[in-house]
2 protein chains.
Amino acid sequence: MRSAFDPTLYLVTDTALSRPRTVPDVVRAAVAGGVTAVQVRDKDASRRELYELTLAVRAVLPPGVALFVNDAVDVALLAGADGVHVGQDDLPPAEVRALIGPDRLLGLSAGSPAEMAAALALPPGTVDVVGIGPVWSTATKPDAGAALGPAGVAALGARARAAGLVSVAIGGIDAGNAAALGAVDGVCVVSAICAAADPAAAARGLRAVVAR
Amino acid sequence: MRSAFDPTLYLVTDTALSRPRTVPDVVRAAVAGGVTAVQVRDKDASRRELYELTLAVRAVLPPGVALFVNDAVDVALLAGADGVHVGQDDLPPAEVRALIGPDRLLGLSAGSPAEMAAALALPPGTVDVVGIGPVWSTATKPDAGAALGPAGVAALGARARAAGLVSVAIGGIDAGNAAALGAVDGVCVVSAICAAADPAAAARGLRAVVAR
């Protein structure tokens, strides 16, 4: 059975922004502050480094906090992650679903109406969660598409919701702007937690805005 | 059952060196000239690009020419490759074997006596082929270790052979120097074929030296 997953406050890790702390240290603090799901992302890491990082993050996660791996399906399988998240340049979602089997979660990025339509056209059960963004432009992911703004996110989120998919917004979200987001089931943050002096406090501040 | 595999002349692809030709075009010509195995390697490609490239290479390979994918176990599985090749920074060999199952081939790079000892210490059946190099220093892989020279390769190749593993030499090999290599079962080339004006002729020239 596919893992349950609470998307309310979804942390995507950034190794560089976490320094001088380790990513597992930031994750541990963030989860104590209220993060409900974690995606390990490190586009600069070798596969071996990513595998070791994923194992280290997994070791600090309490039960009930879902662990995703960005892009690397092989790492997700080996590390026993709950799911994989793929972008538009990663392996295609139907192929990823074939590799991960029926029990793991699959997330897919969608940054435009066309990408959302493609996600919704996949066979039911292929994708579980759609990452909608960027809401606002961000230095964390300079290759991301044009900013959608809260209204653009809400429009895509409503389509995902109507199709029964979980949706999360991503891109430039922090405690000061998260309340502007509607029609999504959760928010993803990177720098708002990884670059925070106190990741636990940052997570608590976000949960105060996005708690449901 | 694990695929048979002829390591005599093993081409590792390089997308940049192949330009303006496509990698599949170079592979087709190289196989016509006598290449016996092909590894798709492109460290700059996204996973989706690597998957599409691997499918395109697979489509031009005749039966009997084994197809390996460098590093990306997920791509190798999805593309139906015969095997995976991993370096020391990629996923660990025992983990890769667990993912690919018993029927696919697994290659591992070894560039020093210590790395060869580690490869030979793995459970039997984990690794099938050891890539020994660099023989000579090469611009194709600037992160490779110190050049072993033909004597260093022969020493490592003899250890692999004694353990029943297939061995191939890699790094700076061309038709002018390949005859210096002993105690290995094949030679890997990158630029000697990918950068050649006539890849088929380049492969024929290499086969004239390394044919057995």
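Cβ atoms here come from the backbone N, Cα and C positions, even for glycine.
Those TrEMBL annotations? Automatic predictions, nothing curated.
Database features (TrEMBL):
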BINDING   B:GLN39, B:VAL40, B:ARG41, B:ASP42, B:LYS43, B:ASN70, B:SER109, B:LYS141  4-amino-2-methyl-5-(diphosphooxymethyl)pyrimidine binding site
BINDING   B:ASP71, B:ASP90  Mg(2+) binding site
DOMAIN    B:9-193  domain 'Thiamine phosphate synthase/TenI'
Residues from the binding-site residues B:GLN39, B:ASP71, B:LYS141 that lie close to chain A, Cβ under 8 Å, in sequence order: B:ASP71
Sparsest Cβ surroundings (other CB atoms within 10 Å) among the binding-site residues B:ARG41, B:LYS43, B:LYS141: B:LYS43
The one of B:ASP42, B:ASP71, B:ASP90 whose CB sees the fewest other CB atoms within 10 Å, among these binding-site residues: B:ASP42
For B:SER109 (4-amino-2-methyl-5-(diphosphooxymethyl)pyrimidine binding site), nearby residues of its own chain (Cβ under 8 Å, 6 or more apart in sequence): B:HIS85, B:VAL86, B:GLY87, B:GLN88, B:GLU115, B:VAL130, B:GLY131, B:GLY133, B:ILE170
Recorded 4-amino-2-methyl-5-(diphosphooxymethyl)pyrimidine site residues B:GLN39, B:VAL40, B:ARG41, B:ASP42, B:LYS43, B:ASN70, B:SER109, B:LYS141, farthest C-alpha pair in Å: 16
Rounded Cα-Cα span from B:ASP71 (Mg(2+) binding site) to B:ARG41 (4-amino-2-methyl-5-(diphosphooxymethyl)pyrimidine binding site), Å: 8
C-alpha spacing of B:ASP90 (Mg(2+) binding site) relative to B:ASN70 (4-amino-2-methyl-5-(diphosphooxymethyl)pyrimidine binding site), in angstrom: 9
Whole-number Å value for how far B:ASP71 (Mg(2+) binding site) lies from B:VAL40 (4-amino-2-methyl-5-(diphosphooxymethyl)pyrimidine binding site) (Cα to Cα): 9
Spatial neighbours, same chain, of B:GLN39 (4-amino-2-methyl-5-(diphosphooxymethyl)pyrimidine binding site) - Cβ under 8 Å, 6+ residues apart: B:TYR10, B:LEU11, B:VAL12, B:THR13, B:LEU67, B:PHE68, B:VAL69, B:ASN70, B:HIS85, B:GLY107, B:CYS188
Collapsed DSSP category at B:LYS43 (4-amino-2-methyl-5-(diphosphooxymethyl)pyrimidine binding site): coil
